[in-house]
Amino acid sequence: MAESGGEPRKPEAPPLGFPPPVIDSKPLWFTPKRLLVIFCMINLLNYVDRGTIASNGVNGSSRTCAKNGICDSGSGIQGDFKLNNFEDGVLSSAFMVGLLVASPIFASLAKSHNPFRLIGVGLSVWTLATAGCGFSFDFWSITICRMFVGVGEASFISLAAPFIDDNAPAAQKTAWLAMFYMCIPTGIALGYVYGGLVGNHFNWRYAFWGESISMLPFAILGFVIKPLQLKGEQALENGTSVRIVHLNDIASKKTSLFKAAQKISTQLASFWKDLRDLLVNKVYVTNVVGYIAYNFVVGAYSYWGPKAGYSIYHMENADLMFGGITIICGILGTLAGGFILDLIQSTISNAFKLLSGATFLGAAFCFGAFCSKNLYGFIALFSIGELLIFATQGPVNYVCLHCVKPSMRPLSMAMSTVSIHIFGDVPSSPLVGVLQDHVHNWRETSLILTSILFIASGIWFVGIFLRSIDRFDEEAEEGSPPVERSNPQPVLGTDPVQPSEST
């Protein structure tokens, strides 16, 4: 508007050292629902890889000899590289090395760098690593490639869930998380089927090359997505954090090694402080310890399930059978868990009630399934058991996100993921292999493994009685106003971004 009798007022220039406000007049293509779909596809491919390496078509069988002295060469990875059950179990756990090293790094960098660029870097490593699995020539070469596969998961898993929680409608947060985590059992199951078909009709190496090609577009997408902001982080511009500093300070930082070292030291100190806060959070620790026991069983199920089914019930199509059961029960169970928690009101206490009850009943049905001598009885009981134990995926991650302040959610998810792997499914696969080598009875091994689910149920039961506070609405950083949970406007809304008066 022009003042009466004067020239139109020119917009005021920003003060020296302050970046001009960025106003995007075009609606964002990455709406919340589209972003959810992209994250689900990436998560699905990540776990397709887990199912693929566990399938009989890719994993194969070891060399066996008959009483008459005639030996076969085995098949798949285990046969080609002459692996025993312990070495075979190590392959399923090797990704943990990359995940353990990279998860804290990506979670810390997310505070000062564009998370989507970090995801792009991680998925690029994942793409090269899975291609390398197809070119491997012995146990150590494929093991090293499996280690780098974990780097891709580290970049993605700790950042995707906070983004989904930011952008989901207030009344459907757990349901949206359930849709994302539904991709875990679905991906593993599809991996069984995919690995069985490709491994049996072509060669196990082609299965890994196919995965690499499928993930490549998503790795590229991570570098071209417009920078977006996580709740509790500093504003992002062009992939880097924007700080209000004087231009002379910026030039000084670029030329001073001391400043760079000081920055790294500050980030490390911040990381250790946040880590200590997590370790003294009783709700968080109880949730993760229960999740570790749960994942110990589920991880071993996913890797050894087809072989156990083939041995106990002589399933010729064990890959397809376990894949079909896991797809159906994983989708229905995971979605049901999220919708039920939203229906009974999404609180941390209610989440623990659902976790404890569903896991206890699921353990009972799975235990009865492995006691059954009849194949159809096993299928019926095991299907119900899997339906119940997969109902935990939404609630357990809801607790991880809502029992910590917003700025700590990437680290919360990263440390949860690292913990459930390093103490859960990473040791479970080799240990179950050692147990089976000792007892030579898959039914007995499966019953011992399943009983650990009752321990997980008991740990989560304790969580019901802990004093819990939903910290979603807490101030993300000192001096920042709290974000109302009831606000329906998502971070990725289609309205133009307006600069605030304070900026």
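Any Cβ shown, glycine's included, is placed from N, Cα and C.
Unlike curated entries, TrEMBL annotations are predicted automatically.
Remember, it's a predicted structure, so these values are computed and weren't measured experimentally.
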To which of the residue ranges 198-218, 324-344 does TrEMBL assign the term transmembrane segment? 324-344
I need to check the long-range neighbours of the transmembrane segment (324-344): which residues 6 or more away from its ends have a CB within less than 8 Å of a CB in the stretch? 171-179, 181-182, 184-186, 188-190, 192-193, 302, 350-351, 354, 358, 379, 382-383, 386-395, 398
Looking at the transmembrane segment (376-401) and the transmembrane segment (90-109), are there 3+ C-beta pairs under 8 A, with each pair at least 6 apart in sequence? no
